[in-house]
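For reference, the structure discussed in these notes is given below.
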Amino acid sequence: MSKNLELVCPAGTPAGLRTAVDAGAHSVYCGFRDETNARNFPGLNFDRDEMREAAQYAHERGAKILIALNTFMRAGSTDLWKRGVDDAVAAGADALILADIALVDYARKAHPKQRLHLSVQAAAATPEAIAFYRDRFGISRIVLPRVLTVEEIARLSAQASPCETEVFVFGGLCVMAEGRCMLSSYATGKSPNMAGVCSPPSHVTYREDRDALVASVGGFTIERFERGEPAGYPTLCKGRFLAEGAVSHLFEDPVSLNAVELLPRLAEIGVTAFKIEGRQRGRAYISTVVRTFRKAIDAMAAGKKVDFEELRGLTEGQRDTVGAYKKAWR
Amino acid sequence: MQRPRLSLTLGPVLFNWPVAKWVDFYARIADEAAVDRVCIGEVVCSKRKPFVDDVTLEVVDRLERGGKEVIYSTLALPTSKREIREISDVIQAGYRIEANDIATVHMLNGRPHIIGPFINIYNEDALALHLKLGATRICLPPELPLDSIRLLAKGNNAVEVFAFGRPPLALSARCYSARARGMAKDACQFICENERDGMNVETLDGTPFLAVNGIQTMGYVVTAAMRHVETLRDAGVVSLRLSPQSCDMVRVAKVFRDLADGVTTPKEAGEAISVLHLPGPLSDGFLRGVPGHMLTEVD
């Protein structure tokens, strides 16, 4: 088992970053406040000064800062993304997380020594795809898509070397192959790939209908919460739809990814980094999740038993899944 | 100045048509369709591939005799070793390849190829990079607006645009055709064979919204770029992609050919397309930079 396991945690704000670092994150990922990153939500992300200060805060405490510029550059406006790369390097990024092949190319040429990670948005799901980015651009780590099984991850990690692999272990579950989903673009005109938004809040509406709260995205009714039922955020792929005469969560139930039980196996097959999703999450949540996962990872690295009960307590009831990591999900 | 002739590409059949229908479809395309090139091959689900393997050579031969350039489109989301081996096999067999994921680009190792709409090329830098890697024609992702297409198509004679058919929107590891019927992908019984244009998906209040094609999610609407053909050609686009639906694709090709040749007007083309048995209403939202399901009214 690898001794250098890394817990990679989200930070949507400078306060969130300090929380994650203080709670024991080995590294924290975050992005600039514009469409260069895939969590371009109002009130989130960092300006240039905040990013420099965040990097300094992390470094002083032995943590790393990974800056995500993981959307696809808009034609005619590629300077915005390239400037983002330059500014991220200047801010002291330990690695850049990139998805656009041309931005990867730019970053490698402009900053030959900078460590680069390939974002999950680049959808590299085979040894051949990894080899492409590793051999051509010197990518140090690949964030693997959430559409792979553990067996597939094992094969990929073995063949990716010396490139490291990083997988999502907790938080939101993308049902579609990331970076290749246009559902939001189709329903709202806002593209995850180009604008960094998925089921954007600006296009979400709620209305009362008898005893229920009805949620729509882009005018399409995708969820109905009866009185007393918890009303989750209406994400297009987790909505309820009518097909073959029946209403169901056709694509995915509104659940979160929780792969805690797979941690030892993932470490055993060579995964180096465990990623927690959720740059839009609050500080209390970040603090609890990061602290608990750090304890588990430290225990694993020391060859001790992991306290799974504590990890399971992070999600409510049956609202979590190991998703595609188990073949039966398909 | 004489403008270059817009060529027409028939994209791969994305649906799981029964093999006899598949063969008949290509026979008719070979003999009658006004398309310059035809893509064959299973792009969506590798489980369907064995069905057409036995007849592929026959279909290729027929298409070539019909004067079409034949291109082999590869799987858009390969994950298993077997799937990679199958892609490697068609590369070795010498087919002209349309790559639909980056692993295939890697395996082509600089050999001239085509880039399909499932590879993310959103800007001029990415396009230039792929041309350098051996791409000779690039079908852009269907969500790109005209503003981006203009910048990408300029001066390279390589850009193709998705002009007809249900827009491909997403790919997953999970099979929704099976899931909708309470089955898992591994035991799907090839249920998607009954869905000639995909399985329609409606919202909770019964509004048609999406279509499901195995692991693929598509729009319920049918992209139809008739009104923008002139603009696309002026922008330097060299080819239009017509994605097969179960309607009369020979007729669809004729409509686009006549439109591209200036024989008919966009209005006439729109009317001719509208009377076909399409699986959904027409749309041009992506090209206009508005929600992809929309159809903008004629000015």
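We number each residue from 1, going along the chain as drawn.
Using N, Cα and C of the backbone, Cβ positions are placed for all residues, glycine too.
According to TrEMBL:
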- A:Cys174, A:Cys181, A:Cys198, A:Cys237: [4Fe-4S] cluster binding site (BINDING)
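A map of TrEMBL features onto the structure.
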{"residue": "A:Cys174", "record": "[4Fe-4S] cluster binding site", "DSSP (3 states)": "coil"}
{"residue": "A:Cys181", "record": "[4Fe-4S] cluster binding site", "DSSP (3 states)": "coil"}
{"residue": "A:Cys198", "record": "[4Fe-4S] cluster binding site", "DSSP (3 states)": "coil"}
{"residue": "A:Cys237", "record": "[4Fe-4S] cluster binding site", "DSSP (3 states)": "helix"}
Residues that sit under 8 angstroms from A:Cys174 ([4Fe-4S] cluster binding site) by C-beta distance, when 6+ apart in the chain: A:Val120, A:Arg146, A:Cys181, A:Cys237
Among A:Cys181, A:Cys198, A:Cys237, the one of these binding-site residues whose Cβ has the fewest neighbouring Cβ atoms within 10 Å: A:Cys237
Intermolecular Cβ proximity, binding-site residues A:Cys174, A:Cys181, A:Cys198 versus chain B, under 8 Å: A:Cys181
